[in-house]
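What follows is a short report on a single structure.
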Amino acid sequence: MAEEIVLYYFDARGKAELIRLIFAYLGIQYTDKRFGENGDAFIEFKNFKKEKETPFNQVPILEMDNIIFAQSQAIVRYLSKKYKISGNSELNEFYADMIFCGVQDIHYKFNNTNLFKQNETTFLNEELPKWSGYFENILKKNNCNYFVGDDLTYADLAVFNLYDDIETKYPNSLKNFPLLKAHNEFISNLPNIKNYISNRKESVY
């Protein structure tokens, strides 16, 4: 019997999108419950908190066979380990996590710029090129389509999600980073990812 999986988040990409990409890549069926899709998001979220456990009073929340999982980064790591896309050795698991942590750093800076209009010039002229250079160098060193080892890990999906997000606001951000651009094109054309993106609804963030 297949386990029942429900992902709870707002009607947006945000902190849930990497989780959705992991499920898409793996071909795992789940219910994508979005607050605000058919009504008031905050009223729906308030009612949800009355019904379900929310350890930190926030989403995303993942429910698998009546177990509640909270915190987006912890969920990503758990799923990656469970479904064997976390790296095929202890060292590769470390490298994947290292890259994932780097993605969180620059994604945080992008969100401050995109959502809160903070330091846009600094982000575009300094932070984005700097971090893109870091990722470009890692790809160059690994010398293949993947960031870690010779197979896909959640680090690849995390970097793809980062630039998929950034390029909705700042197109051509990867024009000076050929390996990173090729990587994103490679991930976007994986059959399950391509199908997910082509059917993904538009969202404000």
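In case you wondered, yes, glycine gets a Cβ from its N, Cα and C as well.
Note that the structure is a prediction, hence the values are computed from the model and not measured.
What Swiss-Prot records for GLN58, VAL59, GLN71, SER72, ASP105, LYS117, THR121 is glutathione binding site, and it gives similarity to another entry as the kind of evidence. Counting only residues at least six positions away in the same chain, the Cβ atoms of LYS15, ALA16, LEU18, ILE19, PRO60 sit under 8 Å from the Cβ of SER72 (glutathione binding site). Under the DSSP three-state reduction, SER72 (glutathione binding site) is assigned to helix.
According to Swiss-Prot, the domain 'GST N-terminal' annotation covers 3-87, on the basis of sequence analysis.
Taken from Swiss-Prot, the feature domain 'GST C-terminal' applies to 89-205.
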Check LYS117 (glutathione binding site) against DSSP and tell me helix, strand or coil, would you?
coil
Sequence gap of 6 or more, C-beta under 8 Å: which same-chain residues meet both conditions with respect to GLN71 (glutathione binding site)?
PRO55, PHE56
According to DSSP, does ASP105 (glutathione binding site) sit in a helix, a strand, or coil?
helix
In the chain carrying ASP105 (glutathione binding site), residues 6 or more apart in sequence that have Cβ under 8 angstroms from it:
TRP131
